[in-house]
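**Q** First the structure, which I've put down as structure tokens, then a few questions once you've had a look.
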Amino acid sequence: MKNINPTQTAAWQALQKHFDEMKDVTIADLFAKDGDRFSKFSATFDDQMLVDYSKNRITEETLAKLQDLAKECDLASAIKSMFSGEKINRTENRAVLHVALRNRSNTPILVDGKDVMPEVNAVLEKMKTFSEAIISGEWKGYTGKAITDVVNIGIGGSDLGPYMVTEALRPYKNHLNMHFVSNVDGTHIAEVLKKVNPETTLFLVASKTFTTQETMTNAHSARDWFLKAAGDEKHVAKHFAALSTNATAVGEFGIDTANMFEFWDWVGGRYSLWSAIGLSIVLSIGFDNFVELLSGAHAMDKHFSTTPAEKNLPVLLALIGIWYNNFFGAETEAILPYDQYMHRFAAYFQQGNMESNGKYVDRNGNVVDYQTGPIIWGEPGTNGQHAFYQLIHQGTKMVPCDFIAPAITHNPLSDHHQKLLSNFFAQTEALAFGKSREVVEQEYRDQGKDPATLDYVVPFKVFEGNRPTNSILLREITPFSLGALIALYEHKIFTQGVILNIFTFDQWGVELGKQLANRILPELKDDKEISSHDSSTNGLINRYKAWRG
């Protein structure tokens, strides 16, 4: 993978000149000039997903210049490097192979000359056997009762992905009740434990090292709660499993290492739902549906690795994102799923994108002089329409948006879905084309409004439009289509990282706060006044000590 400063390429200079020509061109102008714009700027994936990127401030020339940028930054070879097991995470000297976890073709993928697929398949088979025993009721708790509740204890990638997917695929869930605990705030574990019975609860402790502070604090509290009821420590083995690689620590905790599910250092946390970290998904929807999830992602992997860049959906979305972030100065992107089951999707890719590409140092170790990762946020529609869409429509910030919706709902109640989708279609139209002063004035005249009122109110009712959006229409949200959608975003993030010359798969930014917290924790044990920090931190700690009593 080559280290190329994108701003030093000829393509970047050409894009800067092109931006000067495009900055005042409106989306309405582009549609007026080209009646065939939708067919030129949309594509269908596997007859399961339609991606419409026509309501963007781009032309064919824009995309051609962005493709030139991808070529100059050698994106094609970077994609090959990732899929071939090259150690592209250089700061940690690791391969990046979440694609191997869902490699349903089972073609060999080598790391240090060793094919990883036999181990991947062995863990999958172990997950299958274990999950079937739990789901069928064959697995019994310490009093002989079957498991009814599963509590996944993890944080970051060990929580966000499994939680998002189990929520998104609730229509496929079985009888098991799923719970997720992540925050070290004792309230989180305490509230979940109020809902479950120690005789029928299985805890999954998800920590690669089995040392993650938040996860192990919660795991020990869960164990203490369990033992108050169960008494004998030998019963822990029937109610706890580990998603980890630290067999010694797992055994010391009381978990049978036969119920330890491993994954590898080439699996990044925020790309780990496809691995043993996804055991909670398997327990929720069953192994066959989990395989469908993997298959959907694998289909998108094949599309990404084999489709020319000009028709490659993750590449196109990545390039359009760079266009807005670096040339139009758009600092955020909103992900807006019009499906309540997808209510955690934006939060999942908030981590996926911001932890991956929130970097200010390039792959050469130099501070960048351009924009890297955007801020990601969003909520399900139509809730967001009654919350923050005001700013998207009439604010002073450009917020490119991804609108996502299924054509077929899992809950066909009355005309709910038609009303939902009418809003989905209307919002992108409104954002693109707006509402002119002339139209507003005519509406007021048609209503017989007082001319004085008209002059005062009209400016507030005008919508400039020209707000860019992508629309992603799924046939239906299934394990397969969700897998493909997640992989689409993963590869978009990777593509942007390659072009922006940053390391996408490390996350050193999370370390400093943890180090300082470990230093501060012993200082909170007693009531002594603290003076070892800056005046602000000292003041906060000392007031906390005074108030806690």
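Using the three backbone atoms N, Cα and C, a Cβ is placed for every residue, glycine included.
On a predicted model such as this, the values are computed, not experimentally measured, just so you know.
For Glu355, the entry in Swiss-Prot reads active site, proton donor, with the evidence type sequence analysis. Per Swiss-Prot, the feature active site maps to His386, Lys514; the stated evidence is sequence analysis. Positions annotated as N6-acetyllysine by Swiss-Prot, on the basis of sequence analysis: Lys80, Lys228, Lys234.
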**Q** Sorry to bug you, but what's the C-alpha spacing from Lys514 (active site) to Lys228 (N6-acetyllysine), rounded to the closest Å?
**A** 31
**Q** Within 10 Å of His386 (active site) by C-alpha distance: pick out those among the recorded positions Lys80, Lys234, Glu355, Lys514, and say none if nothing qualifies.
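**A** Of Lys80, Lys234, Glu355, Lys514, within range: none.
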**Q** Tell me which residues of the chain lie with their Cβ under 8 angstroms from that of Lys80 (N6-acetyllysine), as long as they are six or more apart in sequence?
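**A** Non-local contacts for Lys80 (N6-acetyllysine): Ser305.
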**Q** Counting Cβ neighbours within 10 Å across all chains shown, tell me which of the active-site residues His386, Lys514 comes out on top.
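**A** Selected residue: Lys514.
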**Q** Including all protein chains displayed, how many Cβ atoms other than that of Lys234 (N6-acetyllysine) lie within 10 Å of its Cβ?
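**A** Taking all protein chains shown, Lys234 (N6-acetyllysine) has 11 Cβ neighbours within 10 Å.
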**Q** So if I measure Cβ to Cβ from Glu355 (active site, proton donor) and keep only same-chain residues at least 6 apart in sequence, which ones fall under 8 Å?
**A** Gly156, Arg270, Gln507, Gly509, Val510
**Q** What does the structure give for the C-alpha distance between Lys514 (active site) and Lys234 (N6-acetyllysine)? Integer Å is fine.
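**A** Roughly 33 Å, rounded to the nearest whole number.
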**Q** Using a 10 Å radius around its CB, how many other CB atoms surround Lys228 (N6-acetyllysine)?
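**A** The answer is 9.
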